[in-house]
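Engineer: Take a look at the following structure, please.
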Amino acid sequence: MSSQPSKALETFDNPTPGRDFHIHMEIPEFTCLCPKTGQPDFAVLYLDYIPDQKCVELKSLKLYIWSFRDEGCFHEAVTNQILDDLVVATDPKFMRLTAKFYVRGGIFTNVVAEHRKPGWQPQPRVELAEFESQSNIRG
């Protein structure tokens, strides 16, 4: 697999297609260029989805996200483009992409875009106690 930016998203078979489960990813190094000024824009992307038959492969996702580094994109457009491309690649039951852009001109921009497969209904939510820290880092 390449180590250069790429628009190709790879997938693998969902190991448990009979169960709805939630995949959460945090992508802290998204960059693109402001189409007006050419200045870099930075964001943290949060990808949440419930897969159907396919899951997105992580290295291809990293290279795909990297491919926007030198592209001029409005925040709203790039968030929706990424969601659309991920939906085409994986055909999930549900997918939400949240893009939290760093401050620009004194304004923080958050864009949330969602996809829901027609006819899919989520299971009722089960409320569980939260752990003190949801971090993957132990210390």
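Cβ atoms here come from the backbone N, Cα and C positions, even for glycine.
Here Swiss-Prot flags C34 as active site, thioimide intermediate, drawing on sequence analysis. The active site, proton donor annotation in Swiss-Prot covers D41. The substrate binding site annotation in Swiss-Prot covers V56, E57, L58, H75, E76.
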Engineer: About how far apart, in whole Å, are the alpha carbons (Cα) of E76 (substrate binding site) and the residue listed as 'active site, thioimide intermediate'?
Structural biologist: 12
Engineer: Specify the secondary structure state of the residue listed as 'active site, proton donor' as given by DSSP, simplified to three classes.
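Structural biologist: Where the residue listed as 'active site, proton donor' sits, the three-state DSSP reduction gives strand.
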Engineer: Given that the record lists V56, E57, L58, H75, E76 as binding substrate, what is the largest C-alpha to C-alpha distance among them, in Å?
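Structural biologist: The substrate-binding residues span at most 24 Å between Cα atoms.
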Engineer: If you measure from the C-alpha of the residue listed as 'active site, thioimide intermediate', which of the recorded positions D41, E57, L58, H75 fall inside 10 Å?
Structural biologist: D41, H75
Engineer: Which binding-site residues (V56, E57, L58, H75) fall within 10 Å of the residue listed as 'active site, proton donor' by Cα distance?
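Structural biologist: The binding-site residues close to the residue listed as 'active site, proton donor' (Cα within 10 Å), listed in sequence order, are H75.
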Engineer: Judged by the number of other CB atoms within 10 angstroms, which among C34, V56 is the least packed of the recorded positions?
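Structural biologist: Comparing Cβ neighbour counts within 10 Å for the recorded positions C34, V56 gives C34.
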Engineer: Who sits close to E57 (substrate binding site): which same-chain residues at least 6 apart have their Cβ under 8 Å from its Cβ?
Structural biologist: L9, E10, T11, F12
Engineer: According to DSSP, which of helix, strand or coil covers V56 (substrate binding site)?
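Structural biologist: For V56 (substrate binding site) - judged by DSSP and reduced to three states - the answer is strand.
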Engineer: Secondary structure at the residue listed as 'active site, thioimide intermediate' (DSSP, helix/strand/coil)?
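Structural biologist: Its secondary structure by DSSP: coil.
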Engineer: If we count other C-beta atoms within 10 Å, could you say which of the recorded positions D41, E76 has the fewest?
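Structural biologist: Least crowded of the recorded positions D41, E76, by Cβ count within 10 Å, is E76.
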Engineer: Just to be sure I understand the packing, how many Cβ atoms besides its own are within 10 Å of the Cβ of L58 (substrate binding site)?
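Structural biologist: L58 (substrate binding site): 11 neighbouring Cβ atoms within 10 Å.
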